[in-house]
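Undergrad: Got these off TrEMBL a minute ago, pasting:
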- 39-67: repeat 'WD' (REPEAT)
- 94-135: repeat 'WD' (REPEAT)
- 136-177: repeat 'WD' (REPEAT)
- 178-219: repeat 'WD' (REPEAT)
- 219-259: repeat 'WD' (REPEAT)
Amino acid sequence: PADLIGDRLKEDVLEQKGRLQRLVAKDVQPPDPASIRVLRGHQLPVTCLVISPDDRFIFSASKDGSLIKCKWEVESGKRLCVVPGGKKGTEEQHMGHASHILCMAISSDGKYLATGDRNKLIMIWDADTCKRLHIFTGHRDAVSGLSFRKGTHQLYSASHDRCVKVWNVAENAYVETLFGHQDVITGLDSLSRECCVTAGGRDGTVRLWKIPEESQLVFYGHQGSIDCIQLINEEHMVSGADDGSVALWGLTKKKPLALARQAHGMQDAQGLQQPYWISAVAALRNSDLLATGSHSASVKLWKCGEGFRKLEPLWDIPVVGFVNSLKFSAAGDFLVAGLGQEHRLGRWWRVKEAKNSICIIPLKRRATAP
């Protein structure tokens, strides 16, 4: 056992440095559509979701007018707690939000849940009890991205007001504000380092913010509005845009290492051929497995080629509607998709036949020789 513990510690150190890459993509089998579980409960499109660090619970939110935030048990599919919302301006009187929740994050110890809404508010919750603990105010427009720094209670938030803010949740304290994007920020992510990455919508940039140095790196590569972003490990990230492209980045290079154009194919929109927008991206942390979502009737799984210089399509998983959020479980044995009849940020189109729901997609792997 001592050797095993030693190996584990080595793995942990490598993982923290972003050097450990679990090569799992080659063994993932095509998911059986019949095995997908659908959780119903939201009346309106699901906008965001997170999985608890122990993979036992899913938290989700939607455009519901009463703004229901739900906690689900993965194994049973039961709804464990529902936080109703209210009318705008009544946030102090009841527990929930009073406008669309656009983003959420959970701390790596599973203690705190953060939610951000169109009405500029960030709410902090006890993830166990679903009780509200605090409201952070300070953003001047919709809060569009949230992420806890791994191993800490430091929270990063991004907003349509074009800035990133840093908060200390354990002390209910505001820390600082970072400026630089030229358009609304549409997404944000972070891992263990004291930095975060953001997608800048129509300013066409992805940015890496180094918090202690108060500096930022700017990356260019998509043609359209960059709508979603996620770190794969401490050195690489993936982003998706409304020009239909998915990009793989190394944090030391200004241009993408790999770019898949028209990743979800083309659609006929009012007689014009346009690529399907990429509305969600997810990475199984420290691995070579990615997932992307659009409203093209499928979630796609991808393999990152060697050195993250290639994006190879693996499987299509049939789902109907806008895929507004995607998350892999920490163990990589399932993928969760938040679906809606509309895109999380607007009402450009409706997919009438879609169900506003959460899909749990089991991921089976080929048995590999020990």
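If you go along the chain as it appears here, the first residue is 1 and each next one adds 1.
A Cβ is built for glycine as well, from the same backbone N, Cα and C atoms used for every other residue.
Situate these features within the shown structure.
TA: Proximity of distant same-chain residues to the repeat 'WD' (39-67), defined by a Cβ-Cβ separation under 8 Å and at least 6 residues beyond the stretch ends, is recorded for 73-75, 77, 79-80, 82-86, 96-106, 108-110, 113, 115, 117, 127, 321-322, 324-325, 327-331, 333-334, 336, 338-344, 355-360.
With DSSP classes pooled into helix, strand and coil, the tally for the repeat 'WD' (94-135) is 0 helix, 21 strand, 21 coil.
In the repeat 'WD' (136-177), helix, strand and coil residues by DSSP number 0 helix, 24 strand, 18 coil.
Long-range neighbours of the repeat 'WD' (178-219) within the same chain, counting only residues 6 or more positions beyond its ends whose Cβ lies under 8 Å from a Cβ of the stretch, are 16, 18, 103, 141-142, 144-151, 154, 156-166, 225-231, 233-234, 237, 239, 247, 249, 251, 253-256, 285, 345.
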Undergrad: In terms of Cβ proximity under 8 Å, which residues at least six beyond the ends of the repeat 'WD' (94-135) contact it?
TA: 47-54, 57, 59, 61-63, 66-69, 71, 81, 83-88, 141-148, 150-153, 155, 157, 159, 161, 167, 169, 172, 187-188, 344-345
Undergrad: With DSSP as the yardstick, break the repeat 'WD' (178-219) down into helix, strand and coil residue counts.
TA: 0 helix, 23 strand, 19 coil
Undergrad: Calculate the per-residue pLDDT averaged over the repeat 'WD' (136-177) and state the result as an integer.
TA: 97
